[in-house]
């Protein structure tokens, strides 16, 4: 049942993401990645709202959390999970580890992308 909830939520999140990509491209153009910027910021905002609500106003079932946070937000943007992880490290007092996580994730993700591009260029 949990996999089905994540699957269904992920599909909805991906549809929302595609909608934002399409609309922002038409409205703002494609010279700057407004769509990704908006998705990352809005997804992180919603993750904060949901996580904060569950933490401060009372929990909810694991099924609801999986559907909303892992499913919908995971399909919409994984940046929200990244932001939550960084915030949790910071709030636990692991400021240095949070900074390392943020800088390392961004730098290694970009390096990984360039490595993938270089590899595919080399073999094609």
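Cβ atoms here come from the backbone N, Cα and C positions, even for glycine.
The feature Na(+) binding site is assigned by Swiss-Prot to 74, 77. Sequence annotations record features per position, and here Swiss-Prot assigns transmembrane segment to 3-23, 36-56, 66-86, 100-120.
Simply put, out of 36-56, 66-86, 100-120, 66-86 has the most Cβ pairs sitting under 8 Å from the transmembrane segment (3-23). Take the binding-site residues 74, 77: by the count of other Cβ atoms within 10 Å of each Cβ, the lowest one is 74.
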